[in-house]
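Report on one structure; see the data block that follows.
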Amino acid sequence: MVLNTAYVNGHFFTMDESSRQYKSGMMVVSGDAISYIGDHSVQRLAAADRVVDLGGKWVMPGLVNVHSHIVMTILRGIGDDMLLKPWLETKIWPMEARFTPEIASVSTRLGILEMLKSGTTTFSDMFNPNGIDLGGIMQEIADTGIRGAFSHTIFSLGTERQQRDNIASAERFAKQFRTFADGRLTTMVAPHSPYACTPAALEESARVAAENGLMVHIHVSETDLEIRDIESRYGVRPVEHLRRLGVLDQPTVMAHGVVLNEEERAILHQYDVRVAHNPISNLKLGSGVADVAALLEAGVKVGIATDSTASNNNLDMFEEMRTAALLQKGIYKDASKLPAETVLALATRVGAEVIGMGHTGSLEAGKKADFITIDPSDKPHLQPLEQAFSHLLYAASGRDVCDVYVGGAAVVRDGSCLTIDEEKILAEANRLQAELQ
Ligand SMILES: CSC[C@H]1O[C@@H](n2cnc3c(O)ncnc32)[C@H](O)[C@@H]1O
Ligand SMILES: [Zn+2]
């Protein structure tokens, strides 16, 4: 039997196409989906099996982080203040090579704990298996209650045989977990980047995506150095390189897109390539600032993302949204660029579409009941209440998140995670980072 829960007395921000607000509104959740959102309805209240009084809390869709690496969470604070190439080659990749199954597991749960507590309900993640049992990791992710899409990274490393095995392992993973945890978790195909994958590996990735109806998730055009490197190896820039190899024929999420010209933005639009914008990671690694305003003007779908805690150094999507908005205003010297309405949409409804999960991301009848609450009543930085929508972007932080629901199930209540043993994970993470160094 489907349980109907009525959430009453909340201030709802729907983030649907028309971005409605219902002050003193009502939302009914039937099973794992929203069946009603709107003004208070006495009839619907009478028909509900359960009533939750929100006491004036704000309710918005859970945030969608479209590019992360949760297995790297343990590396927070390691490798600060370095450019991407030396950061990867001298710090991160050598450390990742020493990861054990225990590190991968603790890192994953620490990352998800941080995401859930700061209001992220859906994420798209790329991880490097390194001999780790990905089935076990997927089960752990499922147990946290979060929603997401996961990809086993493809690197062109080692002998030809090792490279073939790597792609075969990514394909097995993508097929096995394509629909997992009642469809809450799914997979993508993730060649790391045009510089860490051979043309053959990129073509193979496109084949695996096409044969299995999956999206491609790849780092592209992150730095000037990458553009020079790809041009010198193949005579064309990364976007054209991927286009020629057939990668862009598959639905693709390109992480970064910092260094793009007008012609490339037109290609992304033409091929419906979506961009995962990682403003803080791009700033911290000294990569630059993606021209999100130009991408949106070119009709490209953009989502917001954190990247990993090794280049961010947190997974707070509120910080990420605010940074995204402020950067465009700053680089254009135009305060009208990326208003609250736009950025909040990119981090919710549009972000969900970017990663092919349009069944979440807004509070609308028929969508999954993935939502978060914020209690502004005791928070001076969220008052006066009248401009609440503005506060969601310009004043709130992940620490303000009170309750988090995924598919109608509570995963965080009053700031405490119900699905992960916080004390235990923090102790384990501290012990393991000390051992790694
Ligand atoms: C965890 S599997 C993915 C792989 O990507 C590396 N990585 C993390 N952040 C970035 C980035 O911004 N650009 C390129 N590569 C990145 C990470 O170390 C893993 O090996
Ligand atoms: Zn990344």
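Just so it is clear, glycine is given a Cβ too, placed from its N, Cα and C backbone atoms.
Look at TrEMBL and you will find His67, His69, His219, Asp307 tagged as Zn(2+) binding site. Per TrEMBL, the feature substrate binding site maps to Glu96, His192, Glu222, Asp307. Annotation comment: TrEMBL describes 58-409 as domain 'Amidohydrolase-related'.
Sequence features annotated in TrEMBL and their locations in the structure.
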| residue | record | Cβ contacts under 8 Å, 6 or more apart |
| --- | --- | --- |
| His67 | Zn(2+) binding site | Ser124, Asp125, Met126, His217, Val253, Ala255, Ala276, Asn278, Gly303, Ala305, Thr306, Asp307 |
| His69 | Zn(2+) binding site | Asp125, Met126, Phe127, Asn128, Asp307, Ser308, Ala310 |
| Glu96 | substrate binding site | Met72, Leu75, Asn128, Asn130 |
| His192 | substrate binding site | Met126, Thr153, Ile154, Phe155, Ile218, His219 |
| Glu222 | substrate binding site | Leu84, Ser193, Ala255, His256, Val258, Val259, Asn282, Ser287 |
Excluding His67, His69, His219, Asp307, please set out which residues of the same chain place their CB within 8 Å of the center of the CB atoms of the Zn(2+) site, keeping sequence order.
Ser68, Met126, Ala255, His256, Ala276, Asn278, Ser281, Ala305, Ser308
Taking a cut-off of under 6 Å between Cβ and any atom of ligand 1, tell me which of the binding-site residues His67, His69, His219, Asp307 pass.
His69, His219, Asp307
Out of Glu96, His192, Glu222, Asp307, which binding-site residues lie by ligand 2, with a C-beta less than 6 Å from some atom of it?
Asp307
I want to verify one value. Collapsing DSSP to three states, which class is His219 (Zn(2+) binding site)?
strand
Asp307 (Zn(2+) binding site) falls, by DSSP collapsed to helix, strand or coil, into coil
Extent of the substrate binding site in Å [max Cα distance among Glu96, His192, Glu222, Asp307]:
21
According to DSSP, His69 (Zn(2+) binding site) sits in coil
